Amino acid sequence: MTITIGQYVEKRGLFDNVDDWLRRERFVFVGWSGLLLFPCAYMALGGWLTGTTFVTSWYTHGLATSYLEGCNFLTAAVSTPANSMAHSLLFLWGPEAQGDLTRWFQLGGLWPFVALHGAFSLIGFMLRQFEIAQSLKLRPYNAIAFSAPIAVFVSVFLIYPLGQAGWFFAPSFGVAAIFRFILFFQGFHNWTLNPFHMMGVAGVLGAALLCAIHGATVENTLFEDGDGANTFRAFNPTQAEETYSMVTANRFWSQIFGVAFSNKRWLHFFMLFVPVTGLWMSAIGVVGLALNLRAYDFVSQEIRAAEDPEFETFYTKNILLNEGIRAWMAAQDQPHEKLTFPEEVLPRGNAL
(Lines of atoms letter the chains of each structure in order from A; the text may use other names.)
(Lines give C-alpha, C1' and ligand atoms only; values in the text may rest on other atoms or scores of the structure.)
Protein backbone atom coordinates (compact mmCIF):
# COMPACT_ATOMS: atom_id res chain seq x y z
CA MET A 1 0.00 0.00 0.00
CA THR A 2 1.31 3.44 -0.94
CA ILE A 3 0.52 6.52 1.14
CA THR A 4 1.11 9.86 -0.53
CA ILE A 5 1.70 12.80 1.80
CA GLY A 6 1.17 16.19 0.24
CA GLN A 7 -0.36 19.59 0.79
CA TYR A 8 -3.98 20.19 -0.17
CA VAL A 9 -4.23 22.87 -2.80
CA GLU A 10 -7.58 24.64 -2.96
CA LYS A 11 -8.94 25.02 -6.46
CA ARG A 12 -9.42 28.68 -7.21
CA GLY A 13 -11.56 29.89 -10.05
CA LEU A 14 -11.76 33.15 -11.91
CA PHE A 15 -14.23 34.62 -9.41
CA ASP A 16 -11.83 34.00 -6.50
CA ASN A 17 -8.95 35.63 -8.35
CA VAL A 18 -11.05 38.67 -9.28
CA ASP A 19 -12.33 38.89 -5.70
CA ASP A 20 -8.76 38.84 -4.37
CA TRP A 21 -7.70 41.60 -6.76
CA LEU A 22 -10.72 43.82 -6.07
CA ARG A 23 -10.55 43.51 -2.29
CA ARG A 24 -6.77 43.76 -1.97
CA GLU A 25 -5.49 46.40 0.44
CA ARG A 26 -4.28 49.39 -1.53
CA PHE A 27 -4.17 53.18 -1.21
CA VAL A 28 -7.59 53.50 -2.87
CA PHE A 29 -9.79 50.49 -2.11
CA VAL A 30 -11.68 49.24 -5.18
CA GLY A 31 -13.93 46.37 -4.11
CA TRP A 32 -16.95 45.02 -5.92
CA SER A 33 -18.76 48.28 -5.21
CA GLY A 34 -16.02 50.10 -7.11
CA LEU A 35 -17.15 48.41 -10.32
CA LEU A 36 -20.32 50.50 -10.01
CA LEU A 37 -18.95 53.58 -8.24
CA PHE A 38 -15.87 54.53 -10.26
CA PRO A 39 -17.22 54.26 -13.84
CA CYS A 40 -20.52 55.94 -12.95
CA ALA A 41 -18.87 58.76 -10.97
CA TYR A 42 -16.41 59.31 -13.83
CA MET A 43 -19.25 59.49 -16.37
CA ALA A 44 -21.43 61.77 -14.21
CA LEU A 45 -18.63 64.23 -13.42
CA GLY A 46 -17.30 64.12 -16.97
CA GLY A 47 -20.76 64.75 -18.42
CA TRP A 48 -21.31 67.68 -16.08
CA LEU A 49 -17.93 69.25 -16.88
CA THR A 50 -18.56 68.77 -20.59
CA GLY A 51 -22.02 70.34 -20.43
CA THR A 52 -21.04 73.34 -18.34
CA THR A 53 -18.02 73.99 -20.55
CA PHE A 54 -19.56 74.25 -24.02
CA VAL A 55 -23.10 72.81 -24.32
CA THR A 56 -25.87 75.37 -24.82
CA SER A 57 -29.45 75.19 -23.54
CA TRP A 58 -30.76 77.50 -26.23
CA TYR A 59 -32.77 74.73 -27.90
CA THR A 60 -34.32 73.40 -24.67
CA HIS A 61 -34.78 76.44 -22.42
CA GLY A 62 -33.78 79.42 -24.52
CA LEU A 63 -30.86 79.98 -22.15
CA ALA A 64 -27.08 80.27 -22.23
CA THR A 65 -25.66 77.77 -19.72
CA SER A 66 -21.99 77.19 -20.59
CA TYR A 67 -18.65 78.89 -20.03
CA LEU A 68 -18.29 79.16 -23.80
CA GLU A 69 -21.39 81.37 -23.91
CA GLY A 70 -20.22 83.63 -21.08
CA CYS A 71 -21.54 81.92 -17.94
CA ASN A 72 -19.49 81.55 -14.77
CA PHE A 73 -19.35 78.73 -12.20
CA LEU A 74 -22.53 79.91 -10.48
CA THR A 75 -24.62 80.35 -13.64
CA ALA A 76 -23.42 77.46 -15.82
CA ALA A 77 -25.51 74.29 -15.78
CA VAL A 78 -26.38 71.03 -17.48
CA SER A 79 -30.03 71.78 -18.14
CA THR A 80 -32.96 69.41 -18.46
CA PRO A 81 -34.16 68.15 -21.86
CA ALA A 82 -36.87 69.88 -23.83
CA ASN A 83 -40.42 69.40 -22.55
CA SER A 84 -41.31 67.62 -25.80
CA MET A 85 -38.87 64.83 -24.86
CA ALA A 86 -41.16 63.87 -21.94
CA HIS A 87 -39.55 60.98 -20.02
CA SER A 88 -37.33 59.65 -22.79
CA LEU A 89 -33.96 58.39 -21.57
CA LEU A 90 -32.45 60.11 -24.61
CA PHE A 91 -29.86 57.48 -25.45
CA LEU A 92 -27.24 58.76 -27.87
CA TRP A 93 -28.19 55.92 -30.22
CA GLY A 94 -31.93 56.41 -29.66
CA PRO A 95 -34.55 57.65 -32.13
CA GLU A 96 -34.17 61.27 -30.98
CA ALA A 97 -30.42 61.82 -31.48
CA GLN A 98 -29.80 58.90 -33.89
CA GLY A 99 -26.12 58.73 -32.98
CA ASP A 100 -25.48 62.42 -33.69
CA LEU A 101 -23.52 63.80 -30.70
CA THR A 102 -24.25 67.44 -31.54
CA ARG A 103 -27.98 66.76 -31.81
CA TRP A 104 -27.83 64.79 -28.54
CA PHE A 105 -26.30 67.82 -26.79
CA GLN A 106 -28.91 70.15 -28.31
CA LEU A 107 -31.82 67.97 -27.16
CA GLY A 108 -30.50 67.91 -23.58
CA GLY A 109 -29.24 64.33 -23.62
CA LEU A 110 -26.51 65.14 -21.10
CA TRP A 111 -29.06 65.68 -18.30
CA PRO A 112 -30.42 62.09 -18.06
CA PHE A 113 -26.84 60.88 -18.64
CA VAL A 114 -25.56 62.84 -15.62
CA ALA A 115 -28.65 62.16 -13.48
CA LEU A 116 -28.67 58.38 -13.93
CA HIS A 117 -24.90 57.93 -13.66
CA GLY A 118 -24.93 60.25 -10.64
CA ALA A 119 -27.66 58.21 -8.93
CA PHE A 120 -25.82 54.93 -9.53
CA SER A 121 -22.52 56.42 -8.35
CA LEU A 122 -24.17 57.50 -5.08
CA ILE A 123 -25.58 53.99 -4.65
CA GLY A 124 -22.11 52.60 -5.42
CA PHE A 125 -20.61 54.84 -2.73
CA MET A 126 -23.14 53.55 -0.19
CA LEU A 127 -22.33 49.94 -1.18
CA ARG A 128 -18.63 50.82 -0.79
CA GLN A 129 -19.29 51.78 2.82
CA PHE A 130 -21.16 48.50 3.36
CA GLU A 131 -18.31 46.52 1.80
CA ILE A 132 -15.51 48.16 3.77
CA ALA A 133 -17.52 47.98 7.01
CA GLN A 134 -18.10 44.25 6.44
CA SER A 135 -14.40 43.60 5.79
CA LEU A 136 -13.46 45.49 8.98
CA LYS A 137 -16.23 43.80 11.01
CA LEU A 138 -17.99 47.12 11.61
CA ARG A 139 -21.68 47.89 11.83
CA PRO A 140 -23.18 49.38 8.62
CA TYR A 141 -24.48 52.65 10.11
CA ASN A 142 -22.35 54.83 7.80
CA ALA A 143 -24.03 53.27 4.79
CA ILE A 144 -27.45 53.57 6.41
CA ALA A 145 -26.81 57.26 7.09
CA PHE A 146 -25.74 57.82 3.48
CA SER A 147 -29.09 56.44 2.32
CA ALA A 148 -30.59 59.82 3.32
CA PRO A 149 -28.83 62.01 0.71
CA ILE A 150 -29.44 59.24 -1.85
CA ALA A 151 -33.16 59.37 -1.04
CA VAL A 152 -33.18 63.15 -1.49
CA PHE A 153 -31.28 62.99 -4.79
CA VAL A 154 -33.50 60.26 -6.24
CA SER A 155 -36.73 61.92 -5.12
CA VAL A 156 -35.82 65.40 -6.40
CA PHE A 157 -34.01 64.56 -9.63
CA LEU A 158 -35.81 61.37 -10.71
CA ILE A 159 -39.13 60.71 -8.95
CA TYR A 160 -40.43 64.30 -9.04
CA PRO A 161 -40.03 64.74 -12.83
CA LEU A 162 -41.42 61.22 -13.36
CA GLY A 163 -44.61 62.39 -11.67
CA GLN A 164 -44.70 65.55 -13.79
CA ALA A 165 -44.86 65.97 -17.56
CA GLY A 166 -41.20 65.14 -18.20
CA TRP A 167 -37.55 65.56 -17.22
CA PHE A 168 -37.97 69.23 -18.20
CA PHE A 169 -39.43 69.96 -14.74
CA ALA A 170 -36.50 68.46 -12.81
CA PRO A 171 -33.70 70.69 -11.49
CA SER A 172 -30.86 71.40 -13.89
CA PHE A 173 -27.36 70.65 -12.60
CA GLY A 174 -26.05 74.08 -11.68
CA VAL A 175 -26.01 76.49 -8.74
CA ALA A 176 -28.32 79.21 -10.12
CA ALA A 177 -30.41 76.48 -11.75
CA ILE A 178 -31.06 74.89 -8.35
CA PHE A 179 -32.06 78.30 -6.96
CA ARG A 180 -34.56 78.67 -9.81
CA PHE A 181 -35.94 75.23 -9.01
CA ILE A 182 -36.39 76.19 -5.35
CA LEU A 183 -38.42 79.24 -6.41
CA PHE A 184 -40.43 77.00 -8.73
CA PHE A 185 -41.15 74.57 -5.87
CA GLN A 186 -42.35 77.43 -3.68
CA GLY A 187 -44.51 79.11 -6.30
CA PHE A 188 -46.17 75.98 -7.68
CA HIS A 189 -46.24 73.73 -4.58
CA ASN A 190 -46.03 76.11 -1.57
CA TRP A 191 -43.16 73.89 -0.44
CA THR A 192 -42.18 75.91 2.65
CA LEU A 193 -45.59 75.23 4.21
CA ASN A 194 -45.31 71.49 3.57
CA PRO A 195 -44.94 69.53 6.86
CA PHE A 196 -42.35 67.21 5.30
CA HIS A 197 -40.21 70.22 4.39
CA MET A 198 -40.59 71.47 7.96
CA MET A 199 -39.36 68.12 9.28
CA GLY A 200 -36.44 68.24 6.86
CA VAL A 201 -35.43 71.74 7.99
CA ALA A 202 -35.72 70.67 11.63
CA GLY A 203 -33.52 67.64 10.90
CA VAL A 204 -30.78 69.50 9.02
CA LEU A 205 -30.60 72.54 11.31
CA GLY A 206 -31.03 70.36 14.39
CA ALA A 207 -28.14 68.18 13.21
CA ALA A 208 -25.95 71.26 12.71
CA LEU A 209 -26.78 72.39 16.25
CA LEU A 210 -26.05 68.93 17.69
CA CYS A 211 -22.77 68.77 15.77
CA ALA A 212 -21.65 72.17 17.08
CA ILE A 213 -22.68 71.36 20.66
CA HIS A 214 -21.02 67.94 20.56
CA GLY A 215 -17.75 69.25 19.12
CA ALA A 216 -17.60 72.11 21.61
CA THR A 217 -18.39 69.82 24.56
CA VAL A 218 -15.69 67.33 23.62
CA GLU A 219 -13.16 70.14 23.21
CA ASN A 220 -14.25 71.58 26.58
CA THR A 221 -13.69 68.32 28.46
CA LEU A 222 -10.45 67.04 26.88
CA PHE A 223 -7.92 65.57 29.28
CA GLU A 224 -4.71 67.59 29.58
CA ASP A 225 -2.49 64.53 29.47
CA GLY A 226 0.22 65.65 27.05
CA ASP A 227 2.77 68.46 26.88
CA GLY A 228 0.19 71.18 27.30
CA ALA A 229 -3.47 72.05 27.02
CA ASN A 230 -3.17 72.96 23.35
CA THR A 231 -5.80 70.98 21.44
CA PHE A 232 -3.44 70.06 18.61
CA ARG A 233 -0.33 69.15 20.66
CA ALA A 234 -1.51 67.63 23.90
CA PHE A 235 -2.62 64.22 22.68
CA ASN A 236 -1.09 61.24 21.01
CA PRO A 237 -3.43 60.29 18.14
CA THR A 238 -2.81 56.59 18.80
CA GLN A 239 -3.50 56.55 22.55
CA ALA A 240 -5.88 53.77 23.56
CA GLU A 241 -7.83 55.51 26.32
CA GLU A 242 -10.52 58.10 25.77
CA THR A 243 -9.44 61.70 25.57
CA TYR A 244 -12.43 63.48 27.10
CA SER A 245 -14.57 63.17 30.20
CA MET A 246 -18.15 62.05 29.59
CA VAL A 247 -18.88 62.48 33.31
CA THR A 248 -17.82 66.13 33.24
CA ALA A 249 -19.79 66.75 30.05
CA ASN A 250 -22.88 65.16 31.61
CA ARG A 251 -22.53 67.35 34.68
CA PHE A 252 -22.14 70.49 32.55
CA TRP A 253 -25.28 69.91 30.46
CA SER A 254 -27.26 68.75 33.47
CA GLN A 255 -26.54 72.15 35.00
CA ILE A 256 -27.42 73.97 31.74
CA PHE A 257 -30.63 72.18 30.71
CA GLY A 258 -31.47 69.99 33.68
CA VAL A 259 -31.11 66.91 31.42
CA ALA A 260 -28.16 65.42 29.56
CA PHE A 261 -27.15 62.29 27.65
CA SER A 262 -25.88 59.69 30.08
CA ASN A 263 -24.06 57.42 27.64
CA LYS A 264 -22.20 57.87 24.38
CA ARG A 265 -24.16 55.28 22.41
CA TRP A 266 -27.49 57.04 22.85
CA LEU A 267 -25.87 60.43 22.22
CA HIS A 268 -24.28 59.38 18.94
CA PHE A 269 -27.33 57.45 17.79
CA PHE A 270 -29.37 60.62 18.31
CA MET A 271 -26.84 62.58 16.22
CA LEU A 272 -27.30 59.96 13.49
CA PHE A 273 -31.09 59.81 13.81
CA VAL A 274 -31.89 63.54 13.57
CA PRO A 275 -30.36 64.42 10.16
CA VAL A 276 -31.11 61.06 8.52
CA THR A 277 -34.76 61.18 9.55
CA GLY A 278 -35.03 64.82 8.45
CA LEU A 279 -33.63 64.09 4.99
CA TRP A 280 -35.84 61.03 4.58
CA MET A 281 -38.91 63.10 5.51
CA SER A 282 -37.94 65.69 2.89
CA ALA A 283 -37.58 62.94 0.29
CA ILE A 284 -41.03 61.59 1.16
CA GLY A 285 -42.44 65.11 0.82
CA VAL A 286 -40.94 65.52 -2.66
CA VAL A 287 -42.49 62.21 -3.71
CA GLY A 288 -45.80 63.71 -2.60
CA LEU A 289 -45.14 66.77 -4.76
CA ALA A 290 -44.49 64.48 -7.72
CA LEU A 291 -48.13 63.46 -7.29
CA ASN A 292 -49.17 67.11 -6.82
CA LEU A 293 -50.24 66.61 -3.20
CA ARG A 294 -50.87 69.96 -1.58
CA ALA A 295 -49.33 71.49 1.54
CA TYR A 296 -51.39 73.06 4.31
CA ASP A 297 -54.27 75.18 3.00
CA PHE A 298 -55.82 77.68 5.40
CA VAL A 299 -58.81 78.39 3.21
CA SER A 300 -60.73 80.26 5.91
CA GLN A 301 -57.97 82.90 6.01
CA GLU A 302 -57.98 83.19 2.22
CA ILE A 303 -61.76 83.67 2.13
CA ARG A 304 -61.67 86.28 4.89
CA ALA A 305 -58.78 88.12 3.20
CA ALA A 306 -60.76 88.19 -0.04
CA GLU A 307 -63.81 89.64 1.75
CA ASP A 308 -62.02 92.05 4.10
CA PRO A 309 -59.30 94.28 2.58
CA GLU A 310 -57.99 95.09 6.08
CA PHE A 311 -57.43 91.44 7.01
CA GLU A 312 -54.08 89.98 6.02
CA THR A 313 -51.79 87.33 7.53
CA PHE A 314 -48.32 86.16 6.61
CA TYR A 315 -50.04 83.12 5.09
CA THR A 316 -52.28 85.16 2.76
CA LYS A 317 -49.31 87.37 1.84
CA ASN A 318 -47.32 84.25 0.90
CA ILE A 319 -50.20 82.92 -1.18
CA LEU A 320 -50.18 86.17 -3.17
CA LEU A 321 -46.41 85.90 -3.58
CA ASN A 322 -46.85 82.35 -4.88
CA GLU A 323 -49.40 83.57 -7.41
CA GLY A 324 -46.92 86.21 -8.54
CA ILE A 325 -44.20 83.58 -8.93
CA ARG A 326 -46.51 81.40 -11.02
CA ALA A 327 -47.75 84.22 -13.24
CA TRP A 328 -44.28 85.57 -13.91
CA MET A 329 -42.34 82.33 -13.93
CA ALA A 330 -44.58 80.20 -16.12
CA ALA A 331 -44.05 82.38 -19.19
CA GLN A 332 -40.31 82.76 -18.48
CA ASP A 333 -39.76 79.13 -17.57
CA GLN A 334 -41.83 77.47 -20.28
CA PRO A 335 -41.34 79.63 -23.40
CA HIS A 336 -42.45 76.75 -25.63
CA GLU A 337 -45.97 77.02 -24.18
CA LYS A 338 -46.24 80.65 -25.38
CA LEU A 339 -48.19 81.55 -22.24
CA THR A 340 -49.68 85.05 -22.05
CA PHE A 341 -51.25 86.69 -19.00
CA PRO A 342 -53.31 89.89 -18.86
CA GLU A 343 -51.32 92.87 -17.63
CA GLU A 344 -53.49 93.24 -14.53
CA VAL A 345 -52.49 89.84 -13.11
CA LEU A 346 -48.74 90.28 -13.54
CA PRO A 347 -46.78 91.41 -10.45
CA ARG A 348 -45.51 94.99 -10.50
CA GLY A 349 -42.72 95.67 -8.01
CA ASN A 350 -43.94 95.25 -4.44
CA ALA A 351 -47.60 95.73 -5.30
CA LEU A 352 -49.02 92.26 -5.83
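Cβ from N, Cα, C; glycine included.
Residues or ranges marked as N-acetylthreonine in Swiss-Prot (evidence: similarity to another entry): Thr2.
The phosphothreonine feature in Swiss-Prot is assigned to Thr2.
According to Swiss-Prot, the transmembrane segment annotation covers 40-60 (among others).
Residues annotated as chlorophyll a ChlzD2 binding site in Swiss-Prot: His117. For His117 (chlorophyll a ChlzD2 binding site), the Cβ neighbour count at a 10 Å cut-off comes to 20, with all displayed protein chains included.
Within its own chain, the transmembrane segment (124-140) has Cβ neighbours under 8 Å at 23, 29, 31-34, 36-38, 40-41, 146-147, 150, counting only residues six or more beyond its boundaries. According to Swiss-Prot, the transmembrane segment annotation covers 124-140 (among others).
According to DSSP, Asn142 (pheophytin a binding site) is assigned to a helical segment. Marked as pheophytin a binding site by Swiss-Prot on the basis of sequence analysis: Gln129, Asn142.
Sequence annotations record features per position, and here Swiss-Prot assigns transmembrane segment to 152-165 (among others) based on sequence analysis. Taking Cβ pairs closer than 8 Å, the transmembrane segment (152-165) reaches residues 80, 83, 86-87, 115, 118-119, 122, 171, 279, 282-284, 286-287, 289-292 in its own chain, all 6 or more past its ends.
Annotation comment: Swiss-Prot describes His197 as chlorophyll a PD2 binding site, evidence class sequence analysis. Secondary structure from DSSP puts His197 (chlorophyll a PD2 binding site) in a helix.
Residues or ranges marked as transmembrane segment in Swiss-Prot: 207-227 (among others).
Annotated Fe cation binding site per Swiss-Prot: His214, His268, in sequence order, evidence recorded as sequence analysis. DSSP assigns His214 (Fe cation binding site) to a helical segment in the three-state reduction. Sequence-distant contacts of His214 (Fe cation binding site), defined as residues of its own chain at least six apart whose C-beta falls under 8 angstroms from its C-beta, comprise Leu267, Met271.
Annotated transmembrane segment per Swiss-Prot: 278-294 (among others), in sequence order, evidence recorded as sequence analysis. Away from its own ends, the transmembrane segment (278-294) comes close to residues 147-149, 151-152, 154-156, 159-164, 185, 189-191, 194-197, 199-204, 206-207 of its chain (Cβ-Cβ under 8 Å, at least six residues beyond either end).
Neighbour counts of Cβ atoms within 10 Å were compared across the binding-site residues Gln129, Asn142; the minimum falls on Asn142. His268 (Fe cation binding site) sits 24 Å from His197 (chlorophyll a PD2 binding site), counting Cα to Cα. In this structure, His268 is the one among the binding-site residues His197, His268 with the smallest number of other Cβ atoms inside 10 Å of its Cβ. Across the structure, Gln129 (pheophytin a binding site) and His117 (chlorophyll a ChlzD2 binding site) place their CA atoms 18 angstrom apart.
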